[in-house]
Amino acid sequence: MAQLDPKTINKIVLAYSGGLDTSIIARWLQETYDAEVITFTADIGQGEEVEPARAKAEAMGIKHIHIEDLREEFARDYVFPMFRANAIYEGEYLLGTSIARPLIAKRLVEIAKEHNADAISHGATGKGNDQVRFELGAVALSPDVVTIAPWREWDLSSRESLMEYAKEHNIAIDYAGNKKKSPYSMDANLLHISYEGGILEDPYAEAEDDMWRWSVSPEEAPDEAQYLELEYEKGDIVAIDGEALKPYEVMIKLNEIGGKHGIGRLDIVENRYVGMKSRGCYETPAGTIMLKAHRGIESLTLDREAAHLKDELMPRYAKTIYNGYWFSPERMMLQALIDKSQEYVNGTVRVKLYKGAVSVVGRKSDDSLFDEKIATFEDDAGAYDQKDAEGFIRLNGLRLAIEASRGRDLSK
């Protein structure tokens, strides 16, 4: 990773949302480095119009403005591979923010090369995980990349000082109309929307119900359950209720339906990679449905030991993504194993959505390992000889019997 020399910085590619922080960063970079700023705005399904960012950038004299629809690439190449692993961090978090950063880092590096830029920049703070994710992703793809992280350099340490800077530099903040200003720091993409700050900084304070943007409260959800049939090919959803859909379309549809039924709300305290604990609230309707359904189809099609091995490796895989190592040898190795395991994960899962809960109520597959003739409680016509269990138990209990015969008390 190259060291920063301000005198050599002439062009900077900025990950730009058009919001307060990155608008101020754009101006700050222009003034501090006397450099040309090139903006990159990614549409990864945040649910807002990204085009207004163009007008905002133009108003600051920015000539090269990149606005790209990356929803399909994000869903297909990042979210879906992660869900083949059933990845969750610390038992609950579906990695919605973590998985979005590698793609943005990748495009930052690529655009920097296109423009022969000297540096890239982002709006992540010096306290969070995103700075790590952006910069590890960038250096993995371009070892000589120079990254400018203004939050680690400037003296604008509060929202008030940011607002003052914006006023002094004639930076218009609210380009989205008259929407009510949220007291929370929010980040959204196809997989989730996150909320931090405000009253959430007190881990005992319950989030206000009007905070949630994507879902109704389970209490207000419909009184009638909704059923969905999700069709899988090699571990990925390819159709919903018989309608073939692209990965990003799958997520849009499941977010809409799941949100209507109060699916996917989460309130957690997590351990950040940088060392502190952080309280966050998340809405992940599609991801919650996808995780439940994927485990449902795997239960039918995966060999027992393969399934158990996946479960053992999953926490390491999830931590790898959470900590920013998507572009790493270990993630690629784990992904190869995971993808191999999905070869026969084909079929249909039927799920029931009702007042915040997702239940698998049916599953079928031409690649099913479930053998009704063997598993039945009725007459199996000799398919399974129950006498075989006697020897199985005797051999598996042999070591325990030897322990007991030596007078060792295994009850304590």
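Note: Cβ is positioned from N, Cα and C throughout, glycine not excepted.
Per Swiss-Prot, these features apply:
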type	residues	note
BINDING	A15, Y16, S17, G18, G19, L20, D21, T22, S23, A42, G123	ATP binding site
BINDING	Y93, S98, N129, R133, S185, S194, E270, Y282	L-citrulline binding site
BINDING	T125, N129, D130	L-aspartate binding site
_DSSP secondary structure for D130 (L-aspartate binding site), reduced to helix/strand/coil, please._
helix
*Roughly how many angstrom lie between the C-alpha atoms of Y93 (L-citrulline binding site) and D130 (L-aspartate binding site)?*
15
*Near D130 (L-aspartate binding site), which residues of its own chain have a C-beta under 8 A away, given they sit six or more steps off in sequence?*
T97, R101, H122, A124
*S23 (ATP binding site) versus binding-site residues N129, S185, S194, Y282 - nearest by Cα*: S185
*asked:* Using the alpha carbons only, what distance in Å do you get between E270 (L-citrulline binding site) and T125 (L-aspartate binding site) once rounded?
replied: 17
*Rounded to the nearest Å - Cα separation of Y282 (L-citrulline binding site) and T125 (L-aspartate binding site)*: 19
_Suppose the L-aspartate site is T125, N129, D130. Which further residues of the same chain have a Cβ inside 8 angstroms of that site's Cβ centroid?_
A124, K127, G128, Q131, V132, R133, V274
*S23, S185: which of these binding-site residues has the sparsest Cβ neighbourhood within 10 Å?*
S185
_Roughly how many Å lie between the Cα atoms of A15 (ATP binding site) and R133 (L-citrulline binding site), rounded to a whole value?_
13
*When the Cα-Cα distance from S17 (ATP binding site) is computed for each of the binding-site residues S98, R133, S185, which gives the smallest value?*
S185
*Sort S98 (L-citrulline binding site) into helix, strand or coil using the DSSP assignment.*
helix
*What residues, ordered by sequence, lie under 8 A Cβ-to-Cβ from S194 (L-citrulline binding site) and sit at least six positions away in the same chain?*
G96, T97, M186, D187, A188, G280, C281, Y282
*Looking only at G19, G123, which of these binding-site residues has the biggest number of Cβ atoms within 10 Å around its Cβ?*
G123
